[in-house]
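Novice: The following block contains the structure, expressed as structure tokens.
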């Protein structure tokens, strides 16, 4: 069974082909970072415009490069939410129109379920239940996964998501959007003992997150200098990243204790951060647990995860329960369960 996946939840246009027997055949992403960087963030109207421009050529390209005929596709999976309304509409309309033309089924996929299950593309599917942590530009959530389609959000972010916090602090340091990845690069040259950022919401019980205070702390710290040299930027970046890592580790310990889970899946754009990965590996090793990451190339938004989840749902033949066009606020908890 061959599934075409379409991803247009925000500003990345993605297309992929997944084979139930062979696995991921091909996936490609067209980024809009160079377009939005001049505005300091994603401009929804421009995202929609460039999705419309890019989607058809991208799909044509993956079929050409995979030597697979469009007629061989058995179904089309597309991101239906959460995300930007205009962006979602472009992908959903394209996918549904193509499916109608080919007379094959289309299925709406939850973007966060795609992220959550991305590690399964690389690894053998872990046994349920397991604990998942999604850390991206728009979401920071602990998810208890009891089955495919049966999820409970047990920890959430009360304000800025983790990836958003990285980008905002990077901007304060003069790094162009999206600056989170570049912040991590300069943090490697930073002195870990020069500055200290608070570890938000770690002195209180619970596994919710809050990162807006770190942005304020960084803003005040930057403002205390009349002029910041390059080393100071590196030192601030290091202190910020250390705070993030410590906070995530503390929260993961609590979440693992609460759920009694020995399995932790980490996904989303921020999960590509290597210092964070190292600390999470040490954490799970100390607990004799199992840790699963997404491949770094699949941490950010992509269609491979959408095609993969689509293949699971088509295999279960449970498409009617998810027959929505788009839902910009679609929660993981609102996904219908698929019976084994």
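Including glycine, each Cβ sits where the backbone N, Cα and C put it.
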Novice: Where Swiss-Prot shows 111, 115 binding Fe cation, which of 301, 334 is named for the same site?
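Specialist: Between 301, 334, Swiss-Prot records just one in the Fe cation site with 111, 115, namely 301.
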Novice: Swiss-Prot has 134, 135, 136, 137, 138, 180, 273 binding substrate. Which one of 167, 257 is in the same site?
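Specialist: Looking at 167, 257, the one Swiss-Prot places in the substrate site next to 134, 135, 136, 137, 138, 180, 273 is 167.
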Novice: When you measure from the Cβ of residue 111 (Fe cation binding site), which residues in the chain that are at least 6 apart have a Cβ under 8 Å away?
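Specialist: Those within reach of residue 111 (Fe cation binding site), by Cβ under 8 Å and sequence separation of 6 or more, are 7, 9, 79, 80, 81, 82, 83, 301, 306, 330.
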Novice: Among the binding-site residues 137, 138, 167, 180, report those whose Cα falls within 10 Å of that of residue 115 (Fe cation binding site); none is a fine answer.
Specialist: none
Novice: Neighbours of the Fe cation site 111, 115, 301: Cβ within 8 Å of the Cβ centroid, same chain, sequence order.
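Specialist: After dropping the recorded site residues, what remains is 7, 9, 79, 112, 114, 136, 268, 302, 305, 306.
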Novice: Which residues does residue 138 (substrate binding site) neighbour through Cβ under 8 Å, counting only same-chain ones at least six apart?
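Specialist: Listed in sequence order: 10, 82, 161, 163, 164.
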